[in-house]
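The next block holds one structure in the form of structure tokens; read it before the comments.
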Amino acid sequence: RSGPDRERQSHPEKEIGLLSACAIIIGNIIGSGIFISPKGVLEHAGSVGLSLIVWVCGGGICALGSLCYAELGVTIPKSGGDYSYVTEIFGGLVGFLLLWSAVLIMYPTTLAVIALTFSNYVLQPAFQNCLPPFIATRLLATICILFLTWVNCSSVRWATRIQDVFTVGKLLALVLIIVVGLIQISRGHYDALRPSVAFEFSEDPSVGQIALAFLQASFAYSGWNFLNYVTEEVVEPRKNLPRAIYVSIPLVTLVYTMTNIAYFSSMTPEELLASNAVAVTFGEKLLGMFSWVMPISVALSTFGGINGYLFTSSRLCFSGAREGHLPYLLAMIHLKNCTPIPALLLCVSTDLTVLSLTHNLINYVSFINYLSYGVTIAGLLYLRKKRPNLARPIKVNMLVPITYMIFWAVLLGFSLYSEPVVCGLGMVIMLTGVPVYFVGVQWKEKPKWVYRLLEKVTYMGQKLCYVVFPQEDTSETEPLTAFKATD
């Protein structure tokens, strides 16, 4: 970089206050799942009563994981979430494998699914008697992703405001479902919720089926760790990160449970299991001429989810490049807007590539995602033993990570038992990053032409995107750095 560029270094903008932090967590957890397919939990639980218990306990397990991430987030206050913590604790290879699988498969596939759900529900009114055309859904999903990428490239503030607004919108949609459900219950329509009926099983539930029900619920709660990906953009992260977690997780658990109760006030278990879009069926039965509210609510919910995934996944690429695990161009931010434009462009290119491969890859996403949670929280236990004197503004009771790890191990074991091929291929996808790591990161004596090529690409990228390296804000990372110096 030239001299003036060095002098005009930028900081990542700290635009995320407590409200926006809560919106990021809630907005990323509440996607299309609670509107479309709670039937997965009911199908495996075998009864209404047990399914509601699974939803409550699923939120409780999610809360345990969130507490662990709160400790890690204020102990290692870096953006990048799981990747940054695992890299700091276990070293570069393990961190790179998480980064590799997240950038290559996990986030692009998840975002593509959300974008396709958005386009299907927007187009549904125009194609009431048939499925929307394949090309139309892909085109609208692409337009949506490109538009939100432009917003995220233009301003951190715009991106967080969109997240705030659409999070409120999806909560209002769920509140509408809950209120209508409570009105139904007050009128005496709660046969499926009577204890004598709610715990009727068609067959005795097995431990394996209950575990699969919990697995379905835990996937519906995924996204609870996303605020940790943008820690460096949070105002006073040592205060607001844990506060946002304490507010958001109980709220989502309450909303999810009450929404399911509302569903059962108007639908029998058989009707719910037969529906592919539970909220839409609910609206058709109870909202009459206003039933169109439900498809629009799903579309708005997924639109906010796309924005949240773009916002957080780009920060993962940014953090990976800063650690030297991705090209340094991806660690640069716009000189005026302070947004990670190269990282956002990488994310959108992988997202658009995956749009045509979604159905082949989605099976592996949940396994890789869940595996990363366990590795990260195992890192917390290891860090407690390896660095007992490390400054920890938040220090959870050891029973919290241990309880989570026991639950995680049980669910992972049943996943391996029930779907060994899917889990095995998920591991293979992750392990393909090993040779890439040793060639791309560990091999320091590459031919000179490789470095010259990288320099040219970086220089062209800087001119094209008007980006520079950010000046690091060390105020939040001093405790960790100071400890490492004396460790």
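Using the three backbone atoms N, Cα and C, a Cβ is placed for every residue, glycine included.
Remember, TrEMBL labels are computer predictions, not curated facts.
The annotation transmembrane segment is assigned in TrEMBL to 16-36, 48-69, 90-115, 135-153, 165-186, 206-224, 245-266, 286-312, 333-355, 361-384, 396-418, 424-443.
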Any chance the transmembrane segment (90-115) and the transmembrane segment (361-384) are in contact, meaning at least three CB pairs closer than 8 A with a sequence separation of 6+? yes
Short question: which residues 6 or more past the ends of the transmembrane segment (16-36) have a Cβ under 8 Å from it? 114, 117, 160, 163-164, 166-168, 170-171, 173-174, 219-224, 226-227, 230, 233-235, 240-241, 243-245, 247-249, 251-252, 255-256, 259, 276-280, 294, 297-298, 301-302, 304-305, 307-309, 311-312
Most Cβ pairs under 8 Å to the transmembrane segment (165-186), of 206-224, 245-266, 286-312, 361-384, 396-418, goes to 245-266
Per the 3+ Cβ pairs under 8 Å rule, pairs at least 6 apart in sequence, do the transmembrane segment (206-224) and the transmembrane segment (135-153) touch? no
List, by number or range, the same-chain residues at least 6 past the transmembrane segment (361-384) whose CB is under 8 A from its CB atoms? 65, 68-69, 71-72, 75, 82, 85-86, 89-90, 94, 98, 101-102, 105-106, 109-110, 113, 215, 218-219, 222, 225, 354, 390, 398, 401-402, 404-405, 408-409, 411-412, 415, 419, 422-423, 425-426, 429-430
Listed stretch, out of 48-69, 333-355, 396-418, 424-443, that has the most CB pairs under 8 angstroms to the transmembrane segment (135-153): 333-355
